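Q: Mind having a look at this structure? Questions to follow.
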Amino acid sequence: MTSLSEFVSEPIGMMSQTSAASESQCYYNETIAFFYNRSGKYLDTEWNAVSKLVMGLGITVCIFIMLANLLVMVAIYVNRRFHFPIYYLMANLAAADFFAGLAYFYLMFNTGPNTRRLTVSTWLLRQGLIDTSLTASVANLLAIAIERHITVFRMQLHTRMSNRRVVVVIVVIWTVAIVMGAIPSVGWNCICDLEHCSNMAPLYSDSYLIFWTIFNLVTFVVMVVLYAHIFVYVRQRTMRMSRHSSGPRRNRDTMMSLLKTVVIVLGAFIVCWTPGLVLLLLDVCCPQCNILAYEKFFLLLAEFNSAMNPIIYSYRDKEMSATFKQILCCQRTENVNGPTEGSDRSASSLNHTILAGVHSNDHSVV
């Protein structure tokens, strides 16, 4: 005969098993609307004025990103004066930003009301493309900062890094970017853990967003430290040079030119990335904050960084600017065909600015 305690404990055990099963349940077959509704993120049913504005502006920026970065890659390929490690990294940066343009272009046609048509797999693919492209861009910026740091402190115009090492660096950059973009698709998501879903990215886990945000912030801090170290080093050199030479104006111009470049690089990164990174942290740490109202605009702001990189790193170079004009005008001159006398003087303006102060200081002291 079944006792009363056994009779009561049996349904309790069944309830606990049901609860455990529900906690481990996965929702791969659910619609995107299911995740959006659960996270509280509004999913548009029709195109409104804001959605049309964001889409139109986004497509325009995407086209500019792809054309501008394609121009950079072609310029570096056709001009032999750019066949140095720093320019190969700049070409890879342009490739990463070109890929970012493609990723955003795909996003623009799969956002707004079109999001409802996506499956779980295609939604993760859409976000993964963006994560991969942005990670590649940031990693390239870091690689360029490291290369500049090594070049300045070794007092060289170009690093002696072999082409094989440059290829290894590029492969590492893209490997890291692809892994970072693929992590949510291979399991680090909230499809089986709905309680920890993000509000901004309803299929992403809060823990992954924190990890991705910290990864980018640490990269940003490393870049700041590297450029700050370069600036302090060059400033000390130029101050010594001003005491041992008769060209203080040149010294001051050298230091100010470097400062301007550093401010542009870091300023663009801060303006374009910081709001989005802060928004991701607020999404996890401040659930009551109304962050979704600013999401699309901060996404566009981050997208602008890929459009600004060709201008910052390439267009300030006079040789690069001249090559742009020759390509756009379908001209072919000896400057593009191969190196000529004075080609070293046409190198990167940042290289020339830094090394002008460093080498002049060495000669004046000696």
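The backbone N, Cα and C atoms fix where each Cβ goes, and this holds for glycine too.
Copied straight from Swiss-Prot:
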- K41, R126, Q127, G128, L129, I130, D131, W212: 1-acyl-sn-glycero-3-phosphate binding site (BINDING)
- C26-C192: disulfide bond (DISULFID)
- C190-C197: disulfide bond (DISULFID)
- C286-C289: disulfide bond (DISULFID)
- N29: N-linked glycosylation site (CARBOHYD)
- N37: N-linked glycosylation site (CARBOHYD)
- 1-52: topological domain 'Extracellular' (TOPO_DOM)
- 78-85: topological domain 'Cytoplasmic' (TOPO_DOM)
- 110-123: topological domain 'Extracellular' (TOPO_DOM)
- 147-165: topological domain 'Cytoplasmic' (TOPO_DOM)
- 187-206: topological domain 'Extracellular' (TOPO_DOM)
- 228-257: topological domain 'Cytoplasmic' (TOPO_DOM)
- 283-296: topological domain 'Extracellular' (TOPO_DOM)
- 318-366: topological domain 'Cytoplasmic' (TOPO_DOM)
- 53-77: transmembrane segment (TRANSMEM)
- 86-109: transmembrane segment (TRANSMEM)
- 124-146: transmembrane segment (TRANSMEM)
- 166-186: transmembrane segment (TRANSMEM)
- 207-227: transmembrane segment (TRANSMEM)
- 258-282: transmembrane segment (TRANSMEM)
- 297-317: transmembrane segment (TRANSMEM)
Q: Spell out yes or no: are there three or more C-beta pairs under 8 angstroms between the transmembrane segment (124-146) and the transmembrane segment (53-77), with each pair 6 or more apart in sequence?
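A: Between the transmembrane segment (124-146) and the transmembrane segment (53-77), contact is absent.
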Q: In DSSP terms, helix, strand or coil for C197 (disulfide bond)?
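A: DSSP assigns C197 (disulfide bond) to strand.
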Q: Give me the Cα-Cα distance between R126 (1-acyl-sn-glycero-3-phosphate binding site) and C192 (disulfide bond), rounded to a whole Å.
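A: Rounded to the nearest whole number, the Cα-Cα distance is 20 Å.
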Q: Name the residue among the recorded positions L129, C192, C286, C289 whose Cβ has the smallest number of other Cβ atoms within 10 Å.
A: C286
Q: Could you check which of the recorded positions (C26, N29, C190, C289) sits closest to K41 (1-acyl-sn-glycero-3-phosphate binding site), going Cα to Cα?
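A: Result for K41 (1-acyl-sn-glycero-3-phosphate binding site): the nearest of the recorded positions is C289.
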Q: Which residues of the chain, 6 or more past the ends of the topological domain 'Extracellular' (283-296), have a CB below 8 A from one of its CBs?
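A: Contacts of the topological domain 'Extracellular' (283-296) (Cβ under 8 Å, skipping residues fewer than 6 from its ends): 41-42, 50, 54, 198-200, 206, 209-210, 275.
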Q: By a simple count of other Cβ atoms within 10 Å, which of N29, Q127, the recorded positions in the record, is least packed?
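A: Per-residue Cβ counts within 10 Å for the recorded positions N29, Q127 bottom out at N29.
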Q: Ranking 53-77, 86-109, 166-186, 297-317 by Cβ pairs under 8 Å to the transmembrane segment (207-227), which is first?
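A: Ranked by Cβ pairs under 8 Å, first place goes to 166-186.
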Q: At the Cα level, what's the spacing in Å between G128 (1-acyl-sn-glycero-3-phosphate binding site) and C289 (disulfide bond), rounded?
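A: That separation, Cα to Cα, works out to 26 Å.
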Q: Take the transmembrane segment (53-77) and find every residue of the same chain, 6 or more past its ends, with a Cβ under 8 Å from one of its Cβ atoms.
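A: Sequence-distant neighbours of the transmembrane segment (53-77): 47, 83, 87-88, 90-91, 94-95, 97-98, 100-102, 104-105, 107-108, 111-112, 296-297, 300, 303-304, 306-307, 309-311, 314, 320, 323-324, 327-328.
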Q: Go ahead and report the DSSP secondary structure tallies for the topological domain 'Extracellular' (283-296): helix first, then strand, then coil.
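A: Its residues fall into 8 helix, 0 strand, 6 coil.
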Q: Can you tell me how spread out the 1-acyl-sn-glycero-3-phosphate site is, meaning the largest CA to CA distance among K41, R126, Q127, G128, L129, I130, D131, W212, in Å?
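A: Spelled out: the longest distance between any two Cα atoms in K41, R126, Q127, G128, L129, I130, D131, W212 is 21 Å.
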Q: Measure from the CA atom of N37 (N-linked glycosylation site) to the CA atom of C197 (disulfide bond) and give the result in Å, rounded to a whole number.
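A: Between the Cα atoms of C197 (disulfide bond) and N37 (N-linked glycosylation site), the distance comes to 12 Å.
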Q: What average pLDDT is reported by the model for the topological domain 'Cytoplasmic' (228-257)?
A: 66
Q: State the Cα to Cα distance, in Å, between C192 (disulfide bond) and Q127 (1-acyl-sn-glycero-3-phosphate binding site), rounded to an integer.
A: 18
